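Summarising the annotation, TrEMBL assigns transmembrane segment to 15-33. If you look up TrEMBL, you'll see 236, 480 marked as active site, proton donor. Annotation source TrEMBL lists disulfide bond at 437-466. The Ca(2+) binding site annotation in TrEMBL covers 610.
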């Protein structure tokens, strides 16, 4: 090849490259100025973030709108047409079937909703206000010297029960998560950090068990909350460990506990870095920080797990001054608020962490749904009404619950008992869970805070049903769940004949056709009795709580501690060799407070997380 030909070839090649690059530039320019805005600023994939700092993994809430359904045509200018019921069309109820006609709408753009405008945590603090009092007038708690002596003796009985269980844990399971109270061994289902120890801290402080508290904190000081051998539940870790550490810090002032809470809270932050900000159900803390491209075992987001991190991370933001903790959980609320719903206020149990939309239609105020609804009113109370979004979401949910999920049963001696069921595939499900017995307490605090007196009436009636479930079994302890006959529904006579023997032997409650007789030392009924006592001053709730405690003493106590039951009814009651950490955190704490003076952990000063860890409420002009 001659030099001239080589020069000509090089010139042509350079010209071709120049033309090619110019074409690319023009094409990109065209795309930038003509592409639809919905295609811009797509959120980063969570695994692309390699930095561990909070700032680097923060998800801008304004990017959430790109994840919504592109067919959403709700016009914010016409939003006043849907503000009253958030639903276009009609809901028709026929017997136990709930059907919808019309079209579900996106409720995320309603007034006061912050789904597209990031809420500044400092603004939240500045908007905190005083809310109406929850607890009854002090005069309603008046007691004679004899009544006081009786109350204090009962409180002491609960305290001694705590010490019996605690000493069993110390002797046979110290440092482990939970004691197995029959075999006197231990289990580690919550990462082996000592779940019972952390869950019990604030209960010990409230009971004035300062030596036990100090021994526990000496051990906790050496626990590394930033690593995990296996995947951990973000939900359980948050409510038990993070909530327990934060509450114990506020009560005791021990700075070590706050530092541990900060370490743990920050270690879990990468789990929020999904495409929508809805956290993954499980996360390996160690791999999340060290393994390149780590991603957890995929599972659909669960409503109660995603929506029950709010109080803990808001409290962590308040105590540390790191507002991005709040930003993470507020984004989750905004995504759930924005997601389409068939019935206003009804949030289905499963949500996609990729799209932010619900993937089924099951509604339940029991398992997998319960604490999401609980945290709506509690967050509103905790922040002194600073974000009205929580009030709106709560009221919508309670209105729909009252309309669609509350039914009378067919209990012969108690025909007016009200039951709380669930909703699935367009129909009412006549099944009530022990977990749902927190609802009376939730309704009671909501009724006083939001001036909804009918909610208090409903709370009182549902609490009667929860206590009836206890009072009707062989042991005097309520079952895990039961299915009931709805008033007005025809009943198969052959079914009744089949059940007659079981009823006579108390294997089933009257009016119930199926029952899960397990008892896991759950607190929900006691929780509602405690709250209703504080709200009304009615001492009958103390009597009911005492009956339950006596039943627990009779049937659940072991030589070492207390055990759950495999069955609460029948001729042969069997213990299950398990003592959940929440027995210390919730069941015993609520019983102790039920028999304490009303100013001990007052509901006007504290809000409880779902594991019964009390957090001081924010006050106006908080610095």
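Cβ atoms here come from the backbone N, Cα and C positions, even for glycine.
Geometry remark: residue 437 (disulfide bond) versus the residue listed as 'Ca(2+) binding site', CA distance 13 Å. Comparing the Cα of residue 610 (Ca(2+) binding site) with the Cα of every entry in 236, 466, 480, these being the recorded positions, the smallest distance points to 236. A straight line from the CA of residue 480 (active site, proton donor) to the CA of residue 466 (disulfide bond) spans 11 Å. If you take the Cα of residue 236 (active site, proton donor) and the Cα of residue 466 (disulfide bond), they are about 25 angstrom apart, rounded to a whole number.
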